[in-house]
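The motif 'Nuclear localization signal 1' annotation in Swiss-Prot covers 19-27 and is backed by similarity to another entry. Under the heading domain 'F-box', Swiss-Prot lists 28-75, citing sequence analysis as support. Taken from Swiss-Prot, the feature domain 'Cyclin N-terminal' applies to 299-411, supported by sequence analysis. The motif 'D box 1' feature in Swiss-Prot is assigned to 316-319. The motif 'D box 2' annotation in Swiss-Prot covers 355-358 and rests on similarity to another entry. According to Swiss-Prot, the region 'Disordered' annotation covers 574-600, 677-763. Per Swiss-Prot, motif 'Nuclear localization signal 2' is recorded for 575-581. What Swiss-Prot lists as compositional bias 'Basic and acidic residues' is 580-590. According to Swiss-Prot, the compositional bias 'Low complexity' annotation covers 692-710.
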């Protein structure tokens, strides 16, 4: 470059240095970077224990947790039970409006489960605390019927102070101190008075019944719809005799139904079958009935297996089949059975349940439902005994709390039985057709594939199928089509599937190839005219009558592998027969738990007496009011608990198969059914397999408690039912395999003297 020469700064003469790009650091996003409302929602979805951990992470999180009560109101306490260690956590959540915490605290104090107190004044202290949390529960109960009364209903303990009575008196005193008659306080008073009236109505004392009627009137004046309906029921009998009163009563019922009372809607639908109403009233009622049927929605039960990873359709079938046997043995109504199954399915859709606790869920749901709709209940002590003490008293109490809290107190839901009863009032039905319809309705409980149809459709389909099978000239008359809104064309697919699942396809079998047919056995009773023994029309013939193509291809049997069966169901004794036990033991099970079925010899009695005395004393713990009726005394009951199972000493399955002789020396290896001594004659094992549902059942005669008749009255078994065949499904239980492997199943001789003609039915 020459000196003094100037150059322009164009791109040809001058190359500017390139600009350096400054790399921006990426923004670090953390949980605290979320908007406050989103962060609050995250905290509300956490379990209660994790909320405390999150609170210690950052001051901002601590501020959110402390300043927003909604975090505690929506905190989850799933699988967590109140204890001295977490009591403050539960109480804080309950005060903030957590429904689950209130329910569990109330039950924990009532049954003295988890929150141990000294025996001195325990009933009084626990009762007052349980009353406080039950009152909070009803305050938070917005969408369900008042239900806390089912925990304090009779029987009450007759020895000393009763915690249930303390809760009742405390709630009654609370209602007397309420001064505000409007708003939420008045509604709470109405709900509590309804619960108190329900409890009083279950006593036999006339004075208590009159007091219950007065409480219902007070509750109805505070706006409790359920109390208004119960008052309507009490006045209905007198209104039937006077046309003017009947019309006024009918209009009241229509008003309650329009306000959402389910029982009123069902009663209104049944009333449409009567011709006492004026034509205008009949028309409006028919429209409401049509709305009741059309508003019924299907419950997709197949989603259960999305939540329950280790469960399949056959496992559910086995559970429901066992519940049917329990309901038959205890003579529970079909409505109670349908409610129980519905409660089981709804809970299984919400909460994941280990396979070992499926039976616990089933029996806990039955305890809840019998308390809710039946005068005779299944006590907690008896429910534990029905599972052959596979679970403890406290296990059942806690499961009841889990179910009630998970379902938010919604126990009573529409069932197939409700709609079936309405249909039976709309048109005249002969006895056999009604029994066949009930039979089909209970069979529908076993199959999840039928849940694609609503309960109203299933009830209508069951009635239509029953009338077709009985060759009715007009199986679906115009009156039913108009009232329900279901035409024959709409119901045809449901009818075909009902027939295919209930009559065409084979029932699932256990690993011993024994069909599970508890519903069929239930309807072989003379009470149902042995309707299940009737020959049913072929599936192809039905399809031909309905004008639909016949698909004979049977759906793939949801039958698990043999290994799954061994884990899920042990070898039980069948109906009127002695079946061999499967002696192989799976590693994931402690042992097979079956109903004690053998008597001890004198020598065995002397050797094992001390152990059995200890086991009987320790197996029946918990709240006394659920263990004894008012007439029961200690020493009158022998429960089959803590039994030794020595038959598992032989673990080779081939050894059992080789012992096919009828020699008497083999009797100890194949114990006699518990109540065989109460049956007349002996039954051979040949030709009886098809009559069994696949369970060896506990007998109500040896039951420690029974709620099917009042104390002191002789127990009458269900007609036509072999009471030596019921037995719990032996789900795997957490027991020591080393101890169980050397146990043999025996039953201690009953010390209480009783005869076949007079078995005390104790609670």
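Heads up, the Cβ atoms here are built off N, Cα and C, so glycines get one too.
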Average pLDDT across the domain 'F-box' (28-75), rounded to a whole number: 90
DSSP-assigned states of the motif 'D box 2' (355-358) in counts, ordered helix, strand, coil: 4 helix, 0 strand, 0 coil
Helix, strand and coil totals (DSSP H, G, I; E, B; other) for the domain 'F-box' (28-75): 34 helix, 1 strand, 13 coil
Counts of helix, strand and coil residues, the motif 'D box 1' (316-319), according to DSSP: 4 helix, 0 strand, 0 coil
